[in-house]
Amino acid sequence: MLTYALEQILLGKHLTRTVAEEAMGEIMDGKATPAQIGAFLASLRLKGEQVEEIIGFAKAMRARAMNFPIELPGLVDTCGTGGDGSHTFNISTASAVVAAADGVRIAKHGNRAVSSKSGSADVLEALGVPVNLSPKDAADCLRATNLCFLFAPLYHQAMKHAAGPRKELAIRTVFNLLGPLTNPAGASHQLMGVYDAKLLPNVAAVLHELDVKRALVVAGSDGLDELTVTGTSHIAELRDGRILTYEIEPEQFGLRRHEKDALRGGDANENAKIIHDVFSGARGAARDIVLLNAGAILYLADRVSSIETGVIRAAELIDGGLVMRKLEHVRHIAGGMIHAS
């Protein structure tokens with residue numbers, strides 16, 4: 001099926017959902033050669049991935065993912081595509097901790113660095129939070145703290161077959177989109193950042209087809225796969241089965257506009273220090289972008305009625321010490337599970 005799919009793509013034809021699912025299944029099952037995988041990913045990128053294709057690919061990955069042992073209503077994921085080349089600090093990871101401090105249940109799906117110096121797994125480890133919990137321990141951590149980390153290589157072991165070709169291609173591929181679309185815990189609510197605003201309506205449509213109830217798919221005008229404080233943020237909001245697109249500016253939420261360089265991070269330890277400083281009350285660009293994205297999560301999870309009130313609440317959580325206490329709680333619970341195993 002992969003050979004057939006590749007032939008169709010080279011003819012400029014779009015794949016059906018079924019063909020896409022079967023083709024990705026062959027890759028996930030180790031039935032494709034590295035050359036076939038590389039050609040498939042590169043030609044697909046050149047053609048442009050369509051909604052039905054992405055749905056099929058995501059279904060193939062979800063079918064092969066390790067099972068997460070519990071289902072919780074209102075579960076949120078904050079996971080971006082990466083690949084934006086911005087080298088910012090780990091904004092969505094920091095924002096997830098803020099939202100968890102207000103009682104939002106978050107199953108953060110992520111990995112180590114691919115295109116940056118520090119992935120979500122790297123910075124959490126630098127903050128003292130173990131990331132390689134078993135599914136049972138991760139579920140227990142979620143129950144106890146409202147936050148757990150789902151380490152992608154553990155849950156998506158079939159992805160190893162595509163790892164080599166992806167690394168050698170060294171370009172964005174459909175797998176950048178698929179990571180955020182395949183949360184092992186089946187999160188029903190999602191803040192998903194993408195690297196190109198043109199992807200927003202299609203990705204929102206895919207999330208709807210994958211039974212996500214509410215989503216904010218976002219892209220910064222500066223290329224960030226986050227809500228940004230350097231300029232305009234583009235949003236596709238999925239709610240009640242409908243998709244609404246709109247734009248926001250940082251000034252709408254009482255936030256200053258900053259230069260992109262002020263958001264730049266470094267390695268995991270440098271990014272951990274930035275996050276620790278934000279949680280300790282430091283003012284500036286890092287705080288403002290965390291407030292904006294955490295406020296969006298609180299709105300997404302129906303903790304507040306608007307992103308604006310979410311930003312205000314996020315500031316209260318940080319300044320009241322609740323976010324730092326949440327980080328310490330997660331560190332204690334997850335660390336205890338590692339030592340006990």
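Each Cβ is built from the backbone N, Cα and C atoms, and glycine gets one as well.
The 5-phospho-alpha-D-ribose 1-diphosphate binding site annotation in Swiss-Prot covers GLY80, 83-84, THR88, 90-93, 108-116, SER120. Taken from Swiss-Prot, the feature anthranilate 1 binding site covers GLY80, ASN111, and the record attributes it to sequence analysis. Annotation source Swiss-Prot lists Mg(2+) 1 binding site at SER92, GLU226, citing sequence analysis. According to Swiss-Prot, the feature anthranilate 2 binding site maps to ARG166. Positions annotated as Mg(2+) 2 binding site by Swiss-Prot, on the basis of sequence analysis: ASP225, GLU226.
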Between GLY80 (5-phospho-alpha-D-ribose 1-diphosphate binding site) and GLU226 (Mg(2+) 1 binding site), the C-alpha gap once rounded to whole angstrom: 7
Helix, strand or coil at SER92 (5-phospho-alpha-D-ribose 1-diphosphate binding site) [DSSP, three-state]: helix
Binding-site residues listed as HIS109, ARG112, least Cβ neighbours within 10 Å: ARG112
Inter-residue C-alpha distance, GLU226 (Mg(2+) 1 binding site) and SER92 (5-phospho-alpha-D-ribose 1-diphosphate binding site) (nearest angstrom): 7
Other CB atoms within 10 A, centred on GLY80 (5-phospho-alpha-D-ribose 1-diphosphate binding site): 23
Other CB atoms, at most 10 A from the CB of GLU226 (Mg(2+) 1 binding site): 27
Distance [Cα-Cα, Å, rounded] between ASP225 (Mg(2+) 2 binding site) and ASN111 (anthranilate 1 binding site): 16
DSSP three-state assignment for ASP225 (Mg(2+) 2 binding site): coil
Cβ-Cβ neighbours of ASN111 (anthranilate 1 binding site) (radius 10 Å): 19
Assigned conformation of GLY80 (5-phospho-alpha-D-ribose 1-diphosphate binding site) - DSSP reduced to three states: coil
Distance from ARG112 (5-phospho-alpha-D-ribose 1-diphosphate binding site) back to ARG166 (anthranilate 2 binding site), taken between C-alpha atoms, in Å: 15
For ARG112 (5-phospho-alpha-D-ribose 1-diphosphate binding site), the three-state class that DSSP assigns: coil
